[in-house]
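Quick notes on the structure that follows.
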Amino acid sequence: MTAVPTARQDAGIDALAELLADGDVVVLSGAGLSTDSGIPDYRGATGSLRRHTPMTYQTFTRDPRGRHRYWARSFVGWRQIRGARPNDGHRAVGELQSAGLVGGVITQNVDGLHQAGGATGVVELHGGLDRTVCLNCGDVAGRAELDERLQAANPHFGPRTDEINPDGDAELPDEVLDGFVMVGCLACGEGPLKPDVVFFGETVPRDRVEHCFGLVEKAGSLLVLGSSLTVMSGYRFVLRAAKLGIPVGIVNVGPTRGDAKADVRVDAPLGEVLPALAARLAG
Ligand SMILES: [Zn+2]
């Protein structure tokens with residue numbers, strides 16, 4: 001079902017279409033783009049930060065027990081992440097890119113849904129849940145093969161939960177977590193594995209940030225989709241664009257930290273705005 005945009009949204013979509021019509025658009029997306037795919041937002045009305053303290057880099061790397069709990073919960077949460085499908089918003093970004101209007105996609109999401117929705121050359125600012133990295137030897141491996149090993153090591157570990165978080169973490173009671181068996185790195189045989197995502201308290205690799213600044217600096221416009229821009233990790237690109245006089249458009253449900261820097265601001269569901277925008281520009 002596709003909801004029909006209201007007249008006020010229509011005016012906003014017209015203004016956005018005008019802003020983006022010259023092309024070289026760089027998209028910066030956040031969790032709000034994936035909520036229609038069943039992956040909850042950290043913030044917002046039902047944001048998981050209201051009930052869940054996300055794993056921090058410090059806890060993950062220094063506390064073996066904290067790491068064990070993360071993987072047990074993530075083993076369960078992965079079923080939902082793996083089963084998630086791209087929504088109309090992701091597909092609209094793919095269409096805008098196919099039409100030659102979008103020059104780059106930077107996402108704060110770790111769910112891989114942009115790529116599944118047809119976007120190419122996506123920069124995963126905060127990494128991706130579909131891979132792991134060894135904290136000992138640095139080997140990068142696929143999450144699917146880890147999942148197979150985890151299923152073999154945990155044939156009877158299958159608690160059900162509906163409470164999952166955007167980082168693929170799930171809510172489980174302590175006594176359940178104790179029964180989980182974690183496996184190590186296959187390359188070095190000992191190293192603890194970390195999902196290849198940037199945790200809270202961790203910095204985004206410098207070369208990745210510089211690459212994104214490069215994309216933004218040569219952009220015709222910056223289009224923010226589904227991010228409240230609360231963390232500097234994404235907000236800094238809006239600041240850079242604004243400083244260089246590059247027009248900024250924002251589509252998000254609810255206010256964002258970048259609203260004062262935006263040339264066009266549409267406060268409406270992405271699943272309604274983006275297909276309408278793609279129909280106008282790429283149809
Ligand atoms: Zn290793």
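Glycine is no exception: its Cβ is also placed from the backbone N, Cα and C atoms.
For reference, TrEMBL has these:
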ACT_SITE  H126  active site, proton acceptor
BINDING   30-50, 108-111, 226-228, 252-254, L270  NAD(+) binding site
BINDING   C134, C137, C185, C188  Zn(2+) binding site
DOMAIN    6-283  domain 'Deacetylase sirtuin-type'
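Proximity of C185 (Zn(2+) binding site) to non-local residues of its own chain (separation of 6 or more, Cβ distance below 8 Å) is seen for C134, N136, C137, D139, A141, G191, P192, L193, given in sequence order. It is C137, among the binding-site residues C134, C137, whose Cβ has the fewest other Cβ atoms within 10 Å in the structure shown. Looking only at the binding-site residues G30, S34, G38, D111, the one with its C-alpha closest to C188 (Zn(2+) binding site) is D111. Taking the Cβ of G30 (NAD(+) binding site) as reference, residues of its chain lying under 8 Å away and at least six apart in sequence are, in sequence order, T107, Q108, N109, V224, L225, G226, S227, S228, L229, G234, N252. C134, C137, C185 are the recorded positions among G30, H126, C134, C137, C185 whose C-beta comes within less than 6 Å of an atom of ligand 1, given in sequence order.
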